[in-house]
Each structure stands twice: as C-alpha cells, then as structure tokens.
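S.K.: Attaching a single structure in structure tokens format; questions to follow.
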Amino acid sequence: MAPTAAQIKSRARALGFHKVGIARADALDGEAAERLGGWLAAGYAGEMRWMHDPRRRDIQQVLPGVRSVICVALSYNTAQGEPAPGQARISRYALGRDYHKVLGKPLKELARWIEASDPGCRAVAYVDTGPVQEKAWAEAAGLGWIGKNACLITLEYGSWVFLGEILTTLDLEANDPHPNYCGTCTRCLSACPTAALVEPAVVDARKCLAYHTIENRAPELPEAIAEHQHGWVVGCDLCQTCCPFNLRAERWGRYSEVADFAPRDPWNEITLDQLADLSDAEFERWSEGSAIRRVKASGLRRNARSALGASGDSLAQAH
C-alpha cells in the first residue's frame, strides 16, 4: 500500500532528519529554470560545467513520471571559537564526516522503504549528487527560504543545514512554500569580502572564495581572491556567520547532535604553515571520509601558500 505523506515524514524523522517537507513536481512552474538559465548565461557558474546539465531545469528529465519531491534537511552546525593566529580556516560543512555519506545512507533507506511499501512506484534519492535544484525544491517544500546569501535558511537552524531529496512517482500531499523572512537585512551582502553576492541570492562564483578554494584547479589563485582570503583554505562562511537567523540559532544552542559532524582532527586546528607543507600521504590519511578530499592535497597546499603570501608573513590574520 502506498505510504502517505504523513507516514513518509514520520519515517524520515525516525531516520534522524531534522526537517522534512514535500513539494509537487510542478511546484517551480519554470521560474527556477528561468533563474538558473539567466545565472548560467551571465557566466556566474565559472568552470562548473555540471551546472549546465539540461536536466537541472526539468525534473521530469531526471525521473520521468515524477509527481512529488520529498525534501529533507539535517543540521550540521557545531560550536566554533575564534581562529587562532595562523590557523587555517575551513568551512564548517567540511570539518566533520563527508555529508554525502552521512545523509546518503538514511535517505536511500527511506527511498527503499517507499518502494517496498508500493512496489509500483519509483523513489530516487539525491544528496548534492544529481541535477536537482536542491534549494529551490527545499523552499517549495516548506523547509526554509533562499536567503540573500543564496543559502537555504531555516527558522530553527539557520542556514547550517545539508539538504537531500527523494524524487518519487507517488502523488503526495504537498507542503506550502516557505515565506522569505530576510526582509531589509543586507548583512550577508556587506560581509562578502569579494562582492561575490552580486545581488540578493545571486552568487558570481568567479568572485567567490568558496568556489576558488574548492573548485578552481589552477596552479595559483587569482590575486583578487588571494588578497581577501584571510586564512580561508576550504570554503568560506562569512555570508553565514553574520546572518541573524544563524546567530539566533547559536544563541538558542541549536547545534547538531549528529556525532559525524563533530570537527575531526587535525582539521579543526591545523595551521596554514602545516598545510603549506602538507604531504600527499598526510592528506590521504587525514581526509579519509571527509568532504575535504574534493579539494585535493595540491589544492590545500596552493590555498595555504596563497593565504600566507597575502598575509605578508606566516601568520594570516582572521577576518
């Protein structure tokens, strides 16, 4: 017997997800595809070729016959102190176990349960692994809203959440889209050191520290990026740490209880000097099961040396 929306949500929460919502497969009505097309046409994707996959604009091409999109969120925030002088700065999302692994296992389990409950249906899970506009679907499913920092912001956890989706051929009762509560706030726009937020909710990856420290494979970082690194070597959280909803979540003690997201040694206190001389063997050992592996050892060495050079000495000061 086909599971109901309520049963699926209950099962998702039992599997550990903090938020779950459902959107109809026609909920975006082409608006998201149009926005994505404009973003790509402006060149804002940089060298991220996979963003041009045409399936990203039409979910029916991802799963023919899809009728509902089940969206989940899992908080990953952990308490962070001020970085010490010379400490390498790593985005919070990368300090613990790779989120693809942490979310992927229970999400696939949920998809299998749905298909087992109704053998005639399809249910396919994605965790930042397919041509799916995750934030747009999460907003449509009522999990939160796309903020001016281009992150999905939730009332309970701010933007410190990982997202996952299950595309299914089941026709499920949908949630209402989440209202946007950013209002007149522009803190994130002002906080970005490279002006990568070219307008509210629009990131020009070519100007973004996170893009360059993770996705840019060039031997050297652009000077316009390096001079604003302030110790960042994997990602950048500046447009999130200033967000009132993230600050409120921290005041409320809304930190993730998921043990896999606890910062791992040595990443939570490694220095720029250490990373500048990182060996391939050390990287392979330390990055096992970590999203940092995407950056590669050569990328970390480049980023650390760039940050050290921009600081004027071996102690890059935090922003």
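Numbers here mean position along the shown chain, with the first residue as 1.
Cβ coordinates come from backbone N, Cα and C, glycine included.
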S.K.: Among CYS71, CYS121, CYS208, which residue does Swiss-Prot annotate as binding [4Fe-4S] cluster 2 together with CYS192, CYS236, CYS239?
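M.R.: Swiss-Prot names CYS208 for this [4Fe-4S] cluster 2 site.
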S.K.: Select the most exposed residue of CYS185, CYS188, CYS208, where exposure means the fewest other Cβ atoms within 10 Å, treating these as the binding-site residues.
M.R.: CYS185
S.K.: In terms of Cα spacing, which of the recorded positions ASP128, CYS182, CYS185, CYS188 are within 10 angstroms of CYS239 ([4Fe-4S] cluster 2 binding site)?
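M.R.: Checking each Cα against CYS239 ([4Fe-4S] cluster 2 binding site), the hits are CYS188.
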S.K.: Residue counts in helix (H, G, I), strand (E, B) and coil for the domain '4Fe-4S ferredoxin-type' (173-202), per DSSP?
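M.R.: Final tally across the stretch: 5 helix, 4 strand, 21 coil.
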S.K.: List the Cα distance (Å, whole number) between ASP128 (active site, proton donor) and CYS188 ([4Fe-4S] cluster 1 binding site).
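M.R.: Cα to Cα, ASP128 (active site, proton donor) and CYS188 ([4Fe-4S] cluster 1 binding site) are separated by 23 Å.
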S.K.: Within 10 Å of the Cβ of CYS182 ([4Fe-4S] cluster 1 binding site), how many other Cβ atoms can be counted across all chains shown?
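M.R.: CYS182 ([4Fe-4S] cluster 1 binding site): 19 neighbouring Cβ atoms within 10 Å.
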S.K.: For ASP128 (active site, proton donor), what is the secondary structure by DSSP, using just helix, strand and coil?
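M.R.: Going by the DSSP assignment, ASP128 (active site, proton donor) belongs to neither helix nor strand, so it counts as coil.
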